[in-house]
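The structure appears right after this line, and notes come after that.
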Amino acid sequence: MSFIDEFQADLDALPYALQKKYGLLRDLDKSLEDLKRQNEQRCEQEIEDIKRGIKSGSTLDISLLRFSDEALDEQKHSLRIADEKVALAAQAYEMVDQHIQQLDQYLKKFSEELRRGGVPASNHDVRSGKGAESGRGGRKKTRLATAAAAVAAATEVASTAAAANSAGVDLDLPVDPNEPTYCFCNQVSFGEMVACDNPNCKIEWFHFGCVGLKERPKGKWYCSDCAATRNRRKGR
């Protein structure tokens with residue numbers, strides 16, 4: 001089995017694995033909400049009992065002006081559940097990050113094959129449906145083709161990721177500092193992206209939203225910088 005076949009097999013299993021993680025997150029979130037509600041009711045009742053004791057004028061032991069052991073135990077249990085949720089979110093992040101690193105390894109190997117001239121026969125331009133006609137353009141088009149398979153699975157992953165958001169989980173996790181950045185916004189790859197057809201483009205890849213695209217362009221497409229350079233040359 002080739003590297004890309006192994007990667008595709010692992011990628012196919014990713015949505016199911018993430019769905020299990022998010023299912024556990026939902027269960028933990030429900031338990032946490034129930035426990036918080038129970039603890040709030042208990043604490044409110046205990047506060048009212050203390051207020052009534054003060055109003056009645058009875059002598060109160062200052063050391064007793066605290067929540068009961070049951071209320072404190074519920075609060076500690078809530079913190080443990082919250083820690084479990086954070087751990088599950090971190091595990092989900094690590095799973096996705098592993099696949100991103102595997103894809104980076106594949107793209108690196110593929111780039112090496114291109115430099116050696118060993119372009120696989122399956123290489124094609126997913127934007128126009130034409131086969132790669134040169135090694136110079138093949139590098140960009142192949143990256144788009146290999147990313148297409150990942151995008152399909154990532155779409156399914158995104159639908160399960162919405163479950164985590166509905167559970168109220170803030171996945172404030174760090175971005176891999178080694179992740180390459182693209183586009184005018186200098187951000188990592190996400191969503192749909194388009195490659196500039198200028199082989200000397202300094203940026204190469206752009207997010208649809210950053211360049212005002214809603215669908216994949218037909219034929220050749222140039223970023224605003226490269227388009228301006230081409231227009232200046234034509235005007236000479």
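Just so you know, glycine gets a Cβ as well, placed from its N, Cα and C.
TrEMBL does not curate its annotations; it predicts them automatically.
As the structure is a computational prediction, the values presented were derived from the model and not from experiment.
What TrEMBL records for 118-140 is region 'Disordered'. According to TrEMBL, the feature domain 'PHD-type' maps to 180-229. Taken from TrEMBL, the feature site 'Histone H3K4me3 binding' covers Y182, M193, D197, W205. The annotation Zn(2+) 1 binding site is assigned in TrEMBL to C183, C185, H207, C210. The Zn(2+) 2 binding site annotation in TrEMBL covers C196, C201, C223, C226.
Mapped onto this structure are the features recorded in TrEMBL.
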residue: Y182; record: site 'Histone H3K4me3 binding'; CB count, 10 Å: 18
residue: C183; record: Zn(2+) 1 binding site; CB count, 10 Å: 21
residue: C185; record: Zn(2+) 1 binding site; CB count, 10 Å: 11
residue: M193; record: site 'Histone H3K4me3 binding'; CB count, 10 Å: 21
residue: C196; record: Zn(2+) 2 binding site; CB count, 10 Å: 22
residue: D197; record: site 'Histone H3K4me3 binding'; CB count, 10 Å: 17
residue: C201; record: Zn(2+) 2 binding site; CB count, 10 Å: 17
residue: H207; record: Zn(2+) 1 binding site; CB count, 10 Å: 19
residue: C223; record: Zn(2+) 2 binding site; CB count, 10 Å: 23
residue: C226; record: Zn(2+) 2 binding site; CB count, 10 Å: 18
**Q.** M193, C196, D197, C201, C223 filtered to the recorded positions whose C-alpha is within 10 Å of H207 (Zn(2+) 1 binding site)
**A.** M193
Q.
Can you name every residue in this chain, apart from C183, C185, H207, C210, with its Cβ inside 8 Å of the center of the Cβ atoms of the recorded Zn(2+) 1 site?
A. Y182, F184, N186, Q187, F206, G209, V211
Q: Among Y182, C210, C223, these being the recorded positions, pick the one whose CA is nearest to that of D197 (site 'Histone H3K4me3 binding').
A: C223
Q: Report, in whole Å, the straight Cα-to-Cα distance of C183 (Zn(2+) 1 binding site) from C226 (Zn(2+) 2 binding site).
A: 13
Q. Which residue, out of the recorded positions W205, C210, shows the minimum number of other Cβ atoms inside 10 Å of its Cβ in this structure?
A. C210
Q: Specify the nearest of the recorded positions Y182, C185, W205 to C223 (Zn(2+) 2 binding site), where nearness means the distance between Cα atoms.
A: W205
Q: Return the member of C183, C185, W205, C210 nearest to C196 (Zn(2+) 2 binding site) in space, with distance defined Cα to Cα and candidates limited to these recorded positions.
A: W205
Q | Cα-to-Cα gap, M193 (site 'Histone H3K4me3 binding') vs C201 (Zn(2+) 2 binding site), nearest whole Å | A | 15
Q: Round to the nearest Å and give the CA-to-CA distance linking C185 (Zn(2+) 1 binding site) with W205 (site 'Histone H3K4me3 binding').
A: 11
Q) What's the CA-CA gap between Y182 (site 'Histone H3K4me3 binding') and W205 (site 'Histone H3K4me3 binding') in angstrom, rounded? A) 6
Q: Report the residues of the chain - excluding C196, C201, C223, C226 - with C-beta within 8 Å of the mean position of the site's C-beta atoms, for the recorded Zn(2+) 2 site, in sequence order.
A: D197, N198, K202, I203, E204, F206, Y222, D225, A227
